[in-house]
Structure formats: structure tokens, C-alpha cells
Amino acid sequence: MTFDRKIKIAPSILSADFANFGEEIRAIEAEGCDWVHVDVMDGHFVPNLTFGPPLLAAIRPHIRTVMDVHLMISPVDAYIDAYAGAGADILTAHLEAGPHIHRTLQAIRAAGCKAGLALNPGTGLDAVPHLLDMVDLICVMTVNPGFGGQKFIHSQIEKVRSLRAMIGDRPIHIEIDGGMTPETAPLMAEAGADVLVAGSGVFKGGSVQNPGVYGENIRAIRAAAEAAQG
Ligand SMILES: O=C(CO)[C@@H](O)[C@H](O)COP(=O)(O)O
Ligand SMILES: [Fe+2]
């Protein structure tokens, strides 16, 4: 993975057909997505339960771009090697998931993955300056984690602007996760984000039989964001 700040669209397969991941991934990649976002939920840190390492290992061969794994689990550290071994390129852990985020980020890099730090909507940026040399990506949640299809939380726009200033010219991606549409994506691109996760925003209205809709949705979000990117 090389670093750049071009807009990247990362569809969340939480909104895909769970009985058909291989074809769904081939469809979104053929339709122009940049990364594939995989939401791991444990029914404890968040009130929903999704994918374990064997499922990730099964879908890995279908992904030709980047496997971007969002860990909504607590504790995290005991599972890092398993998710890295399943083929994650990026492993993102939540600041709120435990008392030792610095150790967690160290362990993610030691496992051979890019390290991501996720922040819930109610979490401030106080810890960020102390972690800037430990992260490759910071994920600002624009919904409360746990479910797809929720409404974008506007108060996160100013947080992203502050985060952009903190990061300066360091090679750290700002990823936005939750409620991304052609209406909300430009707000975040203008504030400084470069990676836009979109679940319902990409998958709505389409299917593997009708994948052109995925392409239309991806292009609409990308075009709106690129027009707004500073
Ligand atoms: O991590 C999460 C939710 O916890 C996300 O990745 C969602 O899956 C995004 O879904 P939309 O808000 O785009 O529908
Ligand atoms: Fe996510």
C-alpha cells in the first residue's frame, strides 16, 4: 500500500448479501471501489455480532484491493494475530475498547498490518497527539458503531477539521465511517478526510445481478467528495 490523499471509497460489506460475499466483493471492485471495509463486531463492545477470523480468511482471496478491517471488539489485543493472520491489510482498533491503546497499536504493526485508530462520536482528540507516530489511519465514526444505515452525525465535521490540522503532512489517512452519501461525503472531504466508508450508500438499490448501481453509487460519492476536497 502506498500513501496518498486521493479520495478512496471503501464499501462496507455489512450492507452486502451475506450469502454471497465472493460475488459481492468482485462486483464492488469491478465497479471501482478502492478498499473493502470489513466490520468486525463482538456483541459486547457494540450491540451487534458479525465476522470472526475464519470468515475473513475465506473472503480474503476474493479481495484484490485492500482489506480494511474495523475491529469493534473489546478486548482487542488477544485477537490481533488471528485477524492479521486472516489477511487484513489494515487493522483499526477503537480508543474506547481498552486501557492500552498504545500497546494495541504496537501489536497491530508488529503483526505486519497498517495500524488504525477509531474514535467514537463522543470521543475527543486529546489522545491523538500522543499516538501520531503509531498510526497509519485515524477513523472518525460519524455514527455510533454497531449498525449500518444510520444517520450521519454533523458534529463530527469540526472534529475532522481539527484532526486534519493535528496530522499536518504526516502520512496518515483520515477515514470517515457512517452515513456517507453524495450529500454528506463532501462535508468530510472538505474538512480533510480522504477515505470514505459507505455501506448502505454503495449497496442500496443494487445487487450482484445489477452491479451497475454499485458503480453509480460509488461514482456519485467520489465525485461529490473530490469536488469538495481542498
Ligand atoms: O462500522 C460501521 C458501523 O458500526 C460502518 O462501517 C457501517 O457499516 C457503515 O454503514 P453505513 O452508515 O454507510 O450504512
Ligand atoms: Fe466500520
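Cβ coordinates are placed from backbone N, Cα and C, and glycine is handled just like the others.
Under DSSP, Gly148 (substrate binding site) is assigned to coil, being neither helix nor strand in the three-state scheme. Annotation source TrEMBL lists substrate binding site at Ser12, His70, Gly146, Phe147, Gly148, Gly149, Asp177, Gly178, Gly179, Gly199, Ser200.
Over all protein chains present, the Cβ of His37 (divalent metal cation binding site) has 28 other Cβ atoms lying within 10 Å. The DSSP secondary structure for His37 (divalent metal cation binding site) is strand. Residues or ranges marked as divalent metal cation binding site in TrEMBL: His37, Asp39, His70, Asp177.
Neighbour count (other Cβ atoms within 10 Å of the Cβ, all protein chains): 24 for Asp39 (divalent metal cation binding site). Marked as active site, proton acceptor by TrEMBL: Asp39.
Around the Cβ of Asp177 (substrate binding site), the same chain contributes Ser12, His37, His70, Ala118, Cys139, Val140, Met141, Thr142, Val143, Pro145, Val197, each under 8 angstroms and 6 or more positions distant in sequence. Residues or ranges marked as active site, proton donor in TrEMBL: Asp177.
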Ser12, His70, Gly146, Phe147, Gly148, Gly149, Asp177, Gly178, Gly179, Gly199, Ser200 excluded, remaining Cβ within 8 Å of their centroid (substrate): Leu14, Ser15, Asp39, Val143, Pro145, Gln150, Val197
Environment of His37, Asp39, His70, Asp177, the listed divalent metal cation site - residues of the same chain whose CB lies within 8 A of the CB centroid: Ala10, Ser12, Leu14, Val38, Asp68, Val69, Thr92, Cys139, Val197, Gly199
For His70 (divalent metal cation binding site): DSSP state (helix, strand, coil): strand
Three-class DSSP secondary structure - Ser200 (substrate binding site): helix
Site extent for substrate (largest Cα pair distance over Ser12, His70, Gly146, Phe147, Gly148, Gly149, Asp177, Gly178, Gly179, Gly199, Ser200, Å): 16
